[in-house]
Amino acid sequence: MWKASAGHAVSITQDDGGADDWETDPDFVNDVSEKEQRWGAKTVQGSGHQEHINIHKLRENVFQEHQTLKEKELETGPKASHGYGGKFGVEQDRMDKSAVGHEYQSKLSKHCSQVDSVRGFGGKFGVQMDRVDQSAVGFEYQGKTEKHASQKDYSSGFGGKYGVQADRVDKSAVGFDYQGKTEKHESQKDYSKGFGGKYGIDKDKVDKSAVGFEYQGKTEKHESQKDYVKGFGGKFGVQTDRQDKCALGWDHQEKLQLHESQKDYAKGFGGKYGVQKDRMDKNASTFEEVVQVPSAYQKTVPIEAVTSKTSNIRANFENLAKEREQEDRRKAEAERAQRMAQERQEQEEARRKLEEQARAKKQTPPASPSPQPAEDRPPSSPIYEDAAPLKAEPSYGSSEPEPEYSTEAAGLPEASNQQGLAYTSEPVYETTEVPGHYQAEDDTYDGYESDLGITAIALYDYQAAGDDEISFDPDDVITNIEMIDDGWWRGVCKGRYGLFPANYVELRQ
């Protein structure tokens, strides 16, 4: 042990005068009972044995809260008996004055066929007197023509015989019996009567606000001589009749408004947690009114239909079949023209070879000028250019044929039959027969249909779900079908090549 502690100076200092580590109050009294020691300390929050819950008190509280909630709903909720005029009625004070009720029965006007037209404009074949123009005259009116000036008696005029009509005389005019009185001169007037009698004044002309010479004015007292005990309402008071109605007296005691913390906000906007019905907007809806929310579902639009407008979808679907048929016909015509050009080139080469052979064999002219009848031969091909050289055949009637014509004419029968036969003098227009032409077109279409491979007709409409699929409508034609699987095939429709379900189409025989 002494070796382990060698070289170490261990010093332990004891501080007995310091504070206690537990920091216990000097006046602490441990008054914990035996039960509290067993079930936990009461000084520590949440410790100890918890008391059991009182089920009866809990049930009573729940019942009271439920009753209060139901009473509140009945008071604040809408009442079916009150609305638009009481129980199942109409509020008369809100009803439109010009509106009619369900008990109103309007009287329809009669039809023209039901109206009695004998009553109109005044009874039977007459005129309604209340609608007649006051200035209009009836048929019973007889107008009297005014007499001429030479027929009038002017002894009656302007007042009788040689007089004047009194009712037409001017009121301000005087007659010949009027005698005017001349006013007196100033020197003839008696001025003793004027302004109120003899040396007086006219009482009726005196100014009402004027005072006479007998008036004695009383001088107003000085401010020091006035008794101010009566003023503004009596002794040291205020005149009540002259007091401002909005003014407050000295006896008024102003009541201060309560603070926000002192107000009872349980009453506000219609009582306890309610709404004031008299201030509620008539057009506003309450929380009890449930409005059905519209669905936000949108139908899935296919990829191909997105690029086209909705108004043109139907027209596009109707024109797809027509465009497809026109495209097929254009392809068939192009292939037919190509084949005809190849056949035409081959025939020209064969004709040149026959001409060279005919020139080599031609050494002597024919023995007899009379041509032998030509054998009937079928048309080799529908070549329209062969009709041009054959049009000159009717002019062949001379005894010595021309060398160029004979060689050229001799080459045509050798193309079908390797024998030198002469032409007849009859015009041979039947060389380019029409049935052969149509037969060639049918052969061309048969060849084109054979190039389409396996075809099928769509029974239902199908929208492509991916980029490697195709879409089609009912009765659409699908060509070049490859049966890569039992459930999925590959083909061409509407210019697109891709997969499609096999049970949506029907194969064409």
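Including glycine, each Cβ sits where the backbone N, Cα and C put it.
According to Swiss-Prot, the protein has these features:
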- 17-28: compositional bias 'Acidic residues' (COMPBIAS)
- 393-406: compositional bias 'Low complexity' (COMPBIAS)
- K144: SUMO2 cross-link (CROSSLNK)
- K181: SUMO2 cross-link (CROSSLNK)
- K87: N6-acetyllysine (MOD_RES)
- S113: phosphoserine (MOD_RES)
- K124: N6-acetyllysine (MOD_RES)
- S150: phosphoserine (MOD_RES)
- K193: N6-acetyllysine (MOD_RES)
- K235: N6-acetyllysine (MOD_RES)
- K309: N6-acetyllysine (MOD_RES)
- S381: phosphoserine (MOD_RES)
- Y384: phosphotyrosine (MOD_RES)
- Y405: phosphotyrosine (MOD_RES)
- Y429: phosphotyrosine (MOD_RES)
- Y448: phosphotyrosine (MOD_RES)
- 1-28: region 'Disordered' (REGION)
- 318-409: region 'Disordered' (REGION)
- 80-116: repeat 'Cortactin 1' (REPEAT)
- 154-190: repeat 'Cortactin 3' (REPEAT)
- 191-227: repeat 'Cortactin 4' (REPEAT)
- 228-264: repeat 'Cortactin 5' (REPEAT)
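The shortest Cα-Cα distance from K144 (SUMO2 cross-link) to any of the recorded positions (S113, S150, K181) is found for S150. It is 45 Å from the Cα atom of S150 (phosphoserine) to that of K181 (SUMO2 cross-link). Just so you know, the Cβ of S150 (phosphoserine) picks up 5 other Cβ atoms within 10 Å once every protein chain is counted.
The two recorded residues, S113 (phosphoserine) and K181 (SUMO2 cross-link), show a Cα separation of 86 Å. Within 10 Å of the Cβ of K181 (SUMO2 cross-link) there are 5 other Cβ atoms, across all protein chains. The Cβ of S113 (phosphoserine) has 5 neighbouring Cβ atoms from other residues within 10 Å, across all protein chains displayed. Secondary structure at S150 (phosphoserine), as computed by DSSP, is helix.
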